[in-house]
Every structure is written in structure tokens, then in C-alpha cells.
Amino acid sequence: MGKGTVVLAYSGGLDTSICIPLLKEEYGYDRVVTVAADVGQRKEEISIAEEKGKRFADKHYTLDLIDQFVDRCLMPSIKANGLYEGYPMGTSLARPVIAEAVVEIAKKEDATAVAHGCTGKGNDQLRFDVVFRAADLEVIAPIRERNMTREWEIGYAEKHGIPVPVDKEKPWSVDENLWSRSIEGGKLEDPAFHPPEEIYAWTVSPLKAPDEPQVLSITFEAGIPVALDGKRMKGADLIRTVGQIAGGHGIGRNDMMENRVLGIKAREIYEHPAANVLLTAHADLERLVLTREEYAFKQSVDAKWAQLAYYGLIYEPLWDALNAFIDTTQKRVNGTVDVRLFKGSVTVLGRSSPDSFYSIDVASFDSTTIDQTDAIGYSMYYGLQARLVRKKQKK
């Protein structure tokens, strides 16, 4: 007697495709239900996953999670200036949303287990596991559990008639969603290897970008981008539009050595044109409307938020507390930021906000609004403790 139904998070790639027969042959499940999530990747990718899921699995679901991804993950990331080790997160933000959708299908299908095709070296295994286990479901990860090699996987796929297009000359792995596109593997694993231009799909080379700059005007309400050049747009549409424009100017490439959750260093290459522009504009607007103390403290909160997001710890109570603080600060992050896009760079040209407490009368060198002699007394005691210690050290 078999083990019933298992629901598999499915991308249509090599790893998740071979999991379908493996879950039956090696794990003894009667039914394998696949779930492909649309989080803004290319439509061709979704179509391939749907076609293969319907062909090889007992049942297949394709779920449109784009709006959910935008509202639950991307907009909060903008409000938190979501950068991990200096780059905009994308994959890490999408995984929990996908995992939660898989859990819902597992409940619907009365499944006894859920599965994913993650390896034992990456971060995604942990992001899926934490959501799956929170739902009290058995978690199966065939690739991780059986320590498979790429060569073995290809052979197994061929044996089961699973078409897997793998180019040995270009064996890099690509993951994309509405916010970012990551490229890794193959020759790219050598940190000294110069990546060929052909790996990029969202951005033109800054060297070949237009010789004329383009200016965008981005309007924010409560920290969320709501309009582009004065035209209000739905979140997903605004992100797509900004991404297409910015990518055409060579903006959003990042080639870096990344510290994974397990401590492994990995060479990762990213494209995130919309993220670069929107995060730059948002951070600049915060400098206009937040107080010095708010701004300084929020930087530490943003860093912790990014770490928890990268680690996939969205059920950590601290996550809710950080989001509550961030939401409070964003009430005044309203206004418009003008940015110039030119050959790979994003430059803020100007910003305005009805919630700004900036006063040109106070800040101007030509203003007499503030009596400068008032600062004399303050200056006398500024750094007092440091001066006293310095004097003692000189004795």
C-alpha cells in the first residue's frame, strides 16, 4: 500500500522534474501533485512548467501569485530598503510565498507530505522547510537526501523520458521573478571568471546603453511607490515598467561573493533594474522626512529585517515587530523623487514631500533665522568626556 499524496513545489527544471518519478519509485507515494507558482518570471517558463507538470505528475496546479508577492513581499522590502550584503533580495522574498501556496494545495489534496527539489548547499531548502514544518507536514527533499550529482540527475531524467535542456557549455542556473533575476553555476562558480554578456537578459551592457540619460519621477505614499511620471499604476505594473526602462539603460547588474545561510561563500550574479531604482529613490525620500534619530535607528532595523528575510525566518516574532516599527516610520514617507538613469547609474536629481520638515531658512548660510552665537555654549561642552579622557592620557 502506498503512502498517499505528496505535493511538490515545481519549477519545471531538472531538479524538480526528476523528483516526480523519485517520489513514487524511491519514496512510495501513490500520487504526486505539482504546484508551479507565477511570481513574475517569463511566461515561457511558466508554460514549460505547466506542460511538464501535466504530463508527468498525477495532477498539476499553476498559481498566479504575482499580486500576493508584490503586496506581501516587495512593497515591505521597499519600505525596509531591503538589501542583503548590499544587493536587493528577490529569490529569498519569493520562496516563502511559494511555500505557503504549496501548503494550501497540500491541505486541499489531503496530502501527507510536501516536497521540494532544493539541494543541501543552498538557502532555498531552509526557506521552504521552515514554512512546510510550521504546517506540521512531512518534508521530503530528494536531491538533498540522496546527495545527487548533476550527471546522475541528467541520466535519470533521460531514463524517464523527461526533457531537460542542459547545455554543457552554458550550464548556469537561472531563477527569476518580478523583482530580480539570478544567474549561477557552471563556469560562473570561478570567482575570477569574467561572465559573458549572453548571461544577461534584463539589462543591456552599460557600455552599450543610450548616450542620452532619462529622468523618471517616482511618487511614494506611506513608503510605497504608487505613480511613475505622475501616472498612478498598480504595483506589479509599476515595477515592470521601471524595470524595462532601467534595464535599457544598463542599470541593475550585480556580480558578488555572497555569504549563504550555511556559511558557504557563493558567486552570484543578479539583475534587478527596478529594485535598484525604487530602493534608491525610497531611501533618498526617507532622508528628507525622517528625523536624525529615526533614520539612524531604522538603518539597524532595516539590516535585521533583510537578514531575517534572507534566512526565510518570516515566522520569527521579531519579524512582525520589525515590520510594525517600519510601518510606523513610513506614515510620513510621502512625496516624489526624480532620478536620472544613465549608463548603469541611478542619480537622484531632486526630491519633495508635504511631510518634509526641512527649512531652507534654517539651513541656508545666508539666513539670519538662527542666531549663530547661540551655538557657542553648546560647542563649549560638545565632546567634553572625550576631551577629559584625552587630557588624562597625555599626563
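Note: Cβ is positioned from N, Cα and C throughout, glycine not excepted.
Per Swiss-Prot, the features are as follows:
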type: BINDING; residues: Ala9, Tyr10, Ser11, Gly12, Gly13, Leu14, Asp15, Thr16, Ser17, Ala37, Gly117; note: ATP binding site
type: BINDING; residues: Tyr87, Ser92, Asn123, Arg127, Ser173, Ser182, Glu258, Tyr270; note: L-citrulline binding site
type: BINDING; residues: Thr119, Asn123, Asp124; note: L-aspartate binding site
Proximal residue to Glu258 (L-citrulline binding site) among binding-site residues Ser11, Gly117, Thr119 (C-alpha distance):
Thr119
Measuring Cα to Cα, how many angstrom lie between Gly13 (ATP binding site) and Tyr87 (L-citrulline binding site)?
25
Candidates Tyr87, Asp124, Arg127, Ser173, Ser182 (binding-site residues) - the one closest to Ser17 (ATP binding site) by CA:
Ser173
Using Cβ atoms only, which residues of the same chain lie under 8 Å from Tyr87 (L-citrulline binding site) while being at least 6 residues apart in sequence?
Asn254, Met256, Glu258, Tyr270, His272
All-chain count of other Cβ atoms within 10 Å of Ser182 (L-citrulline binding site):
20
Shell list (L-aspartate; ref centroid = CB of Thr119, Asn123, Asp124; cutoff 8 A):
Cys118, Lys121, Gly122, Gln125, Leu126, Arg127, Arg260
Compute the C-alpha separation of Ser11 (ATP binding site) from Asp124 (L-aspartate binding site), stating it in Å without decimals.
13
Just checking: which of Ala9, Asp15, Ser92, Ser173 have a Cα that is within 10 Å of the Cα of Thr119 (L-aspartate binding site), counting only these binding-site residues?
Asp15
Return one of helix, strand or coil for Ser92 (L-citrulline binding site), based on DSSP.
helix
What's the longest C-alpha separation between any two of Ala9, Tyr10, Ser11, Gly12, Gly13, Leu14, Asp15, Thr16, Ser17, Ala37, Gly117, the listed ATP-binding residues, in angstrom?
16
Protein Cβ atoms within 10 Å of Tyr270 (L-citrulline binding site), excluding its own:
25
Measure from the Cα of Asn123 (L-citrulline binding site) to the Cα of every one of the binding-site residues Ala9, Asp15, Gly117, then give the nearest.
Gly117
Among Ala9, Asp15, Gly117, Asp124, these being the binding-site residues, pick the one whose CA is nearest to that of Ser92 (L-citrulline binding site).
Asp124
Using the residues the record lists for L-citrulline (Tyr87, Ser92, Asn123, Arg127, Ser173, Ser182, Glu258, Tyr270), what whole-number Å value is the largest Cα to Cα distance?
19
